[in-house]
Every structure is written in structure tokens, then in C-alpha cells.
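Enquirer: This is the structure, below, for whatever I ask next.
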Amino acid sequence: QLDPFYASIILFAGRAWDAVTDPMVGFFISKTSWTRFGRLMPWIIFSTPFAVISYFLIWFVPDISRGQVMWYLVFYCIFQTLVTCFHVPYSALTMFISREQSERDSATAYRMTVEVLGTVLGTAIQGQIVGKVVTPCIESPFFIGKTNSSVAMEELNMTHDTGSLTDTRNAYMIAAGVIGGLYILCAVILSVGVREKRESSELQSDEPVSFFRGLKLVMNHGAYIKLIAGFLFTSLAFMLLEGNFALFCTYTLGFRNEFQNILLAIMLSATLTIPLWQWFLTRFGKKTAVYVGISSAIPFLIMVAVLDSNLIVTYIVAVAAGISVAAAFLLPWSMLPDVIDDFKLQHPDSRGHEAIFFSFYVFFTKFTSGVSLGISTLSLDFAGYQTRGCSQPGAVNFTLKMLVSAVPVGLILLGLLLFKLYPIDEEKRRKNKKALQDLR
């Protein structure tokens, strides 16, 4: 029951904190000594239980009249920090399990398939558990058309069904417990089943240079900056789509009881088509796969905003969006190891920077998620979004159309334009692979 403005403040502040923690964790990982478990795995093992506890507390509603904003801000920032301690070394493992580009590409494809499958599971678990609780919408014509004001929100909140709200809170905590259990299970499987190979990432060279000199070298590497720039805008496009599609289905299209199934259609489609994109990139190259895969969503995004409400068309758009989401998930992560190999060739005496590359990449992933949530929350707040309303003002419906259609299309086009500048094509990859073999 927080005001949308405060929700957006929490999201922005949490992502700003991420801007500090991602490179900081990358720095500490680069300084971590090798242990019998490896250099990355101890970070994953020790962060997991604390991450699960903080995740549970994000969904807990404290019995305090004041200070809720600070509660969620603190635990949201703690959770983001602990996820960074998991995600940065987890992502960097790709560079520590093999030297071969083809094996790294294959590992990335498996990783992203299961990652999207995990998102499907999370969507299904949370959606089904919380969806069991029927929270009635509020018919409030007096407020419709009124821009957001604290007085209107307070009067609207007074009409809430307290019993239903309590059931909803309990449902969210049950879902958080189940997902936390899955988090622990997956961390155990990872720590038991994967072994780091120290020699996989290292060339025969001198001792590693300092972190800050390494950071300067990494951030001056042109291929990395161009990949991040294209990745930033395409990720933001799809996160805006995913983040607002439920509200768009509920209010603009009128499919209040279908949005959970539509979101599942998006994520299942993404899961099933990642192997297709893995085959496509090995056959036609990664840059071609980026153009074809990500741009394929554009006509369907335009269609869903232009055509009248139609459930069949909506499911078609959901499946098409899932196909593009798969490309957007897989391809940038598949291209990052190529950038690191290119960097090693240009700086053969500078090593141990994998964590820096991956920490900033992870940061931009989470940063775009936070930006999309912040943009969405503030836009809907300014448009006059009514919490739990049975219907919304015309300005909200228009805003939702922009957030799931026009804005993502513009961001996709901008991202693809930036990917055009990315210099590592298939010929360059082959040359780098041979040069690295000779160097080793």
C-alpha cells in the first residue's frame, strides 16, 4: 500500500546502490585468492543463505505505522548486494570452465535456457500462489479521471477489504518462501556440480595489474563499450514490455483473468527458442542473429497497440515477443566472452579482469531493470493510475500503450543501430581464436 512515488524512489535508490556494489564486488573477486573450491564459488556459497533471508523480508509487511519506506529501501539494497555477490561470479564462471569459444557459447546457451526457465517457474509459482487470493477491484468513479493525489489515495485505501489484503500478504510470503527454497537448491547443485579451471582463463603472462588500472583498460576497450550500449537499450525495451504487459492486458485490453497465462506464454516461448537461436548464431553468426532475433518483435509490438482488443492476437504477440526475448537474453551474454578474448589479445600482459567485465555487465542488466520499473511507475503515477481500480483513466491506457509498444520499438531500433558499430564479426572471432591459441 505504498504510494507509487515512494515505490519508484526505492527502485531508483536500489539501482543507484547497485552502481556501487557491482564494480566493488568485481574488485573484491579480482583480489580473491584461489581456494580448493575455486576463486568464484565461495562467493556463491556464502551469499546464498543471506540473499534468501533478505528476499523474504522484501515481501514481509512490517507492523509499523511509519518507516515502511525505509524498511523496503534497506532490505531491497541488501538483497541487491547479495544477488550481486551471486550473479557476478556465476556469470564469470563461463570464462573459467573452458578455453574454447564453441564450448563457452554452448555453456552460455544452456545457462540462459535454464535462466529463462527459472523466470518461467518464478512467474508461475508467484502468479499461481498469489492469484489464488481473490482481491476485488474497486469501482470508484469519483476518482476516475482525477490525477494522482495523496488525498485521493488515502480515501481509496480506506475502502480496501482488510481481510483480502491480509490473505494477499500471506500469499506473497508463501511464494517468497517457495522461491527462496528453489534459490538454495539451485545454489547447492551449482556448487556441487561445477568446478573452476584456473588455467582456462589465464595466459602465460606476468602478475595481474592493479584493479583500477585494469578498470581503466576495460572501460577503454571499444568493443566492450559498444556491446554494452546496444545491450542497454534492447534490454530496456524488453523489460518495459515485460514489466507493463500485465497491466496492459488487464486494463487496456480487458483480459483481467488472462494476464498470468499470457506472461507464461512469453516466457515459455523464450525458453523453447533459445536452442533455436544457439543454432542460428553458429550457422549465420552472432551479429546477424542479433538483427534478426531482436527486430522480429517490432511488427508484433505495433500490431498489439494498433488493433482492437483480441485474445488470439494477444497470444500471438506474446509468443512472438518470447522469441525475441530469447534472442535478447542469449546473444549479448554469448558475445561477452568474445569481447574478453579480444581484450586479452590487445593486452596480453594484463590478466585477471574477467570479474570486471562481468560485474559491469551484470550492473547494466539490473540497472535497465530498475530504470524500466522506475519509468513505468512514475509514468503511471503521473497519468493518474488508480490502485486496485476496476478501470483506469484514458491517460493510463494511453501510457500503457506507449510503454509496451512505441517506446520499446524506439529503444530496439536505437539498440540495433548501436550493435551495428560492434566490431567483432565471425571473421574477427576466427582470427582471435587462432591468435589466442598461438599465444598460449
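A Cβ is built for glycine as well, from the same backbone N, Cα and C atoms used for every other residue.
As the structure is a computational prediction, the values presented were derived from the model and not from experiment.
In case it's useful when we look at the structure, here is the feature table from TrEMBL:
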{"type": "TRANSMEM", "residues": "40-62", "note": "transmembrane segment"}
{"type": "TRANSMEM", "residues": "69-90", "note": "transmembrane segment"}
{"type": "TRANSMEM", "residues": "171-194", "note": "transmembrane segment"}
{"type": "TRANSMEM", "residues": "223-241", "note": "transmembrane segment"}
{"type": "TRANSMEM", "residues": "261-281", "note": "transmembrane segment"}
{"type": "TRANSMEM", "residues": "288-306", "note": "transmembrane segment"}
{"type": "TRANSMEM", "residues": "312-334", "note": "transmembrane segment"}
{"type": "TRANSMEM", "residues": "355-378", "note": "transmembrane segment"}
{"type": "TRANSMEM", "residues": "398-422", "note": "transmembrane segment"}
Enquirer: Given the transmembrane segment (288-306), which of the listed stretches 40-62, 69-90, 261-281, 355-378, 398-422 has the most Cβ pairs that are under 8 Å apart from it?
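Expert: Ranked by Cβ pairs under 8 Å, first place goes to 398-422.
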Enquirer: Residue list, the transmembrane segment (312-334) vs rest of chain: Cβ under 8 Å, 6 or more residues beyond ends.
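Expert: For the transmembrane segment (312-334), the sequence-distant neighbours (Cβ-Cβ under 8 Å, at least 6 residues beyond its ends) are 91, 94, 105, 108-109, 111-112, 115-116, 227, 230-231, 234-235, 237-238, 241-242, 245, 249, 253, 255, 258, 262-263, 265-271, 273-274, 276-278, 281, 286, 289-290, 292-297, 300-301, 303-304, 361.
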Enquirer: Any residues 6+ beyond the ends of the transmembrane segment (40-62) with a Cβ under 8 Å from its own?
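Expert: Residues packing against the transmembrane segment (40-62) from afar: 25, 29, 32, 68, 71-72, 75-76, 78-79, 82-83, 85-86, 88-90, 92-93, 96, 169, 172-173, 175-177, 179-180, 183-184, 187, 190-191, 194, 196, 355.
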Enquirer: To the transmembrane segment (223-241), which of 261-281, 355-378, 398-422 is linked by the most Cβ pairs under 8 Å?
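Expert: Maximum Cβ contact count belongs to 398-422.
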Enquirer: Which sequence positions outside the transmembrane segment (171-194), separated from its termini by at least 6 residues, show Cβ-Cβ distances below 8 Å to it?
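Expert: Residues 37, 41, 44-45, 48-49, 51-52, 55-56, 58-60, 86, 90, 93, 97, 118, 121-122, 125-126, 129-130, 132-133.
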Enquirer: Go through the chain and flag residues at least 6 beyond the ends of the transmembrane segment (69-90) whose CB is under 8 A from any CB in it; none is fine as an answer.
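Expert: For the transmembrane segment (69-90), the far contacts come to 2, 6, 9-11, 13-15, 17-18, 21-22, 25-26, 29, 39-41, 43-44, 46-48, 50-51, 54-55, 57-58, 62, 187, 190, 355, 358-359, 362, 366.
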